[in-house]
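Worksheet: the structure to be examined is printed underneath.
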Amino acid sequence: MITEKPSWIRHEGLQIFSIDIQPGGIRFATGGGDQKIRIWSMKSVAKDNDSDDSSQRLLATIRDHFGTVNCVRWAHHGRYLASGSDDQVIQIHERKAGTGTSEFGSGEPPDVENWKVVMTLRGHTADVVDLNWSPDDSTLASGSLDNTVHIWSMANGICTAVLRGHSSLVKGVTWDPIGSFIASQSDDKTVIIWRTSDWSLAHRTEGHWSKSLGSTFFRRLAWSPCGHFITTTHGFQKPRHSAPVLERGEWSATFDFLGHNAPVVVVKFNHSMFRKHLSSGQDAKAAPAGWANGASKASSKEHQPYNVIAIGSQDRTITVWTTASARPLFVAKHFFTQSVVDLSWSPDGYSLFACSLDGSVATFHFEAKELGYRLRDAELDELKKNRYGDVRGRQSNIAESPAQLLLEEASAKQSASKKVSSVQQFQSPPKVSTDAPNPSTSVPNQKAPEALPEDEKKTAGSTADDINKAPRLSSPVKQREYRRPDGRKRIIPEAVGFPSNQDMSNRSQNQGVDFSSLDQRMILGENGTRPSYSASGNCNNCGVRERSGITARTNISESLVIQKASAGAGSDGRLSIEQSGSVVPGSLASCSSLSIHVFNKKDNEDSLPVRLEAKPVERSAGDMIGLGGAFSTKETEITCTRGTETLWSDRISAKVTVLAGNANFWAVGCEDGCLQVYTKCGRRAMPAMMMGSAAVFIDCDECWKLLLVTRRGLMYIWDLYTRTCVLHDSLASLVTSPDEAAGKDTGTVKVISAKFSRCGSPLVVLASRHAFLYDTSLKCWLRIADDCFPASNFASSFSSTQGGELGKLQIDIGKFMARKPIWSRVTDDGVQTRSHLETQLAASLALKSPQEYRQCLLSYIRFLAREADESRLREVCESFLGPPMGMVDAASSADLKNPSWDPDVLGMKKHKLLREDILPSMATNRKVQRLLNEFMDLLSEYEAAETNVEQMDVTPTPPPPPPAAATEGNNNGAS
């Protein structure tokens, strides 16, 4: 045996928490307290190494974690390296072509190899301390200090299951080499065996660790390569610490490895089995499978295969045992000054690497005469096959019906199609141009956008989230038919199609960007004047139904503040919106102008946009009759032009703060609290409307509705066609804060946006990025976006590629949350994720956004299916299925037209959503397949009943027979 302790294997003098040798035997990796992963060459520590090139020792340094690296584990194929850290993140690394880079300022040479992160797994809410790959490398298990074990699919990086059963920190996890179970060990002094078929708890073992003392960094248990033994850590049998061994099936401790003077931290089985003498494969078949320990009395003991295991302890020693002997084969003392925390065997089975908290690594190279002769892989596979059967291709679950398999196929195609569609949208965004010409130049010639279908009307003042308008999701669905044992048919959808990226781009090219959504720093030009902004819209004509509207407001501040009026301001307790931020100087404000553009798509393509401009002008005393001295007045000139042609103009004796307009009217809000409405030709449609305070936000829809928010926090919505006030409300309900509820002084609340949502209801966004939608039916504000779910897995994953309002609001929330303190590590992310999805589902329904509603619904159903939450899944399915019904016949057909249940939601058929989206998403977890089959049967019966009712409705009724008297008269006349 050769032992070595290379001094050059280090992590800047800090602890080394994990070590693992690549299955190919070319590299080994270490993770340490310096937040780095280092990949080393095995040639430099090989026992037959004669010429060591120091420049080739360290192959790469990975610096992508932001916390201590607790665990590194190679996949069995050696391509991927998984790492877990204190930053609660798991990363999957892969080698890429070329050489690596060096850390700036470190003075280190560039890496020899180039390793990059190919997948980041987020979901844990505390430190990730142990990892283990499945036998086929398709799944990764992770144990964390959040008391859970997460199961990750390597096909897509999604967490497929969260195992909750431990009441304390999970510090070790290991995978059954057969693939049927997972074992985890926790500080609650229990070991839990989990089934991989449905991720249920198979057995909880306790009692063997109840007398254990102290605490350890890890409890890294291990499964034997034969699949029969689990060696655990941190056991105690007076007067020694032990490593209890559990036997498969009964899951009870049959014997212990005794001898350490401190708690056992890590155990590691050799990858293969050994025998004392060389033998042929025929001897291996005849011999028992070698599950017995040293007390075995088998007659063929000399040829019986046995396991080799290494144990590391807090007593700074390492012991190596075989299951063919009751005494340790090897004891390593005085190699480390602190606890041993991780072990790794080489692929050939004759080298052992160990790392310690003292920041050092030791290597032990054994001879065949010491450990025995290693079984070939084919022999080991034959041993497992004789005991467990053929484990190749063994499925984790068993489908109970052909429908389950067909729905799983539909779900897989659905997920793949959605993923490809998202990637295409991300890689090929639609081209959108924003026209912001310099005010010193003339308005450029611009082509009017092409006429869009009537169902795709947009306002020219639409925000940036309108650019990527989601295309229609529905498409022809291929179906598969089969017959059940009772002879009835069942229709199974194959997949749900998604539109191509080309369609989305074509529909998005003609949509403009609302200049009011641009950053305030972009609004003022370099010379201090306000540039003109053009927003392309879809003004069809001057009728009542098809309009386009845009808005503008002056750049007084970056945001507006709502706060309670001071005591000196009056006792009415009214709200006031005050200007905050950088106020434009008077000289600058006096020369700045505000302008908007409106296009008319009814005109030819070369027509120029209509421009409305409000420009401050000053009149001196010499220009006014009857006034002397240096007195001057400030006015605002309103000019409407098309190119160089002036359509109309007017003057207002006040400073203009906001502008809005469409093909029907123009609206001008002033600082003195008046609102002037003009017709499209420039006539004053009505006397000036006095609001009592300056207008700070204004917006209009495609028809005749106008929204206005004043500085005092009052909101008005008028229908200018009928000259009625549709809504008059205050933003007072948005001001209430926790400090006010506690009786403290109320802080201010900044409003950054107030406009019409796409559904036509007013939408207000605060500086905290909380968004509120006014529900005219409930007559109250609905909070549709907030930061109440920081631990949700979907807190920042809703993208705006679908062009939805809710997606954009969610992204703003995510950016705002990034600046806030992190949440508690003990937060239950599962509960928050479910609550967040339910909130998003209700918010998309309130916004009347069918695309986002369907997206949230799919995510919610997949989450419930992953958690096997049958009660909520049943409730959702029942709401989409309709009212309960028994055997459908003509007498009960009236139930299908029950007015209390709407068969549609946001223009989508509920039964179609149930058949094409909900049921295929439920098929991802076979644990709920019985519930799935139940609703498939019910849906088939409902659709059959609906078909019968429709056929009855279209059956023509026979004409009534002629009256008897008329018939007799005709007969007499004929005679």
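Heads up, the Cβ atoms here are built off N, Cα and C, so glycines get one too.
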- Query: Which residue range, 80-107, 948-975, is the one Swiss-Prot calls region 'Disordered'?
  - Reply: 948-975
- Task: Out of 155-186, 251-282, 923-954, let me know the one Swiss-Prot marks coiled coil.
- Result: 923-954
- DSSP-derived helix, strand and coil totals, residue by residue, for the repeat 'WD 3' (123-162): 0 helix, 22 strand, 18 coil
- Intrachain neighbours beyond the repeat 'WD 1' (10-50), with Cβ under 8 angstroms and 6 or more residues off its ends: 2, 4, 56-63, 65-78, 81, 83, 85, 93, 113, 115, 217, 338, 341-348, 351, 353-361, 363, 365
- Note on the structure: Contact set of the repeat 'WD 3' (123-162) with the rest of its chain, CB cutoff 8 A exclusive, min separation 6+ beyond the ends, reads 67-68, 70-77, 80, 82-86, 88-90, 92, 168-179, 182, 184, 186, 194, 196, 199, 217-218, 220, 415, 419, 791, 793, 823-830, 866-867
- Query: Looking only at the repeat 'WD 3' (123-162), what is the mean pLDDT?
  - Reply: 92
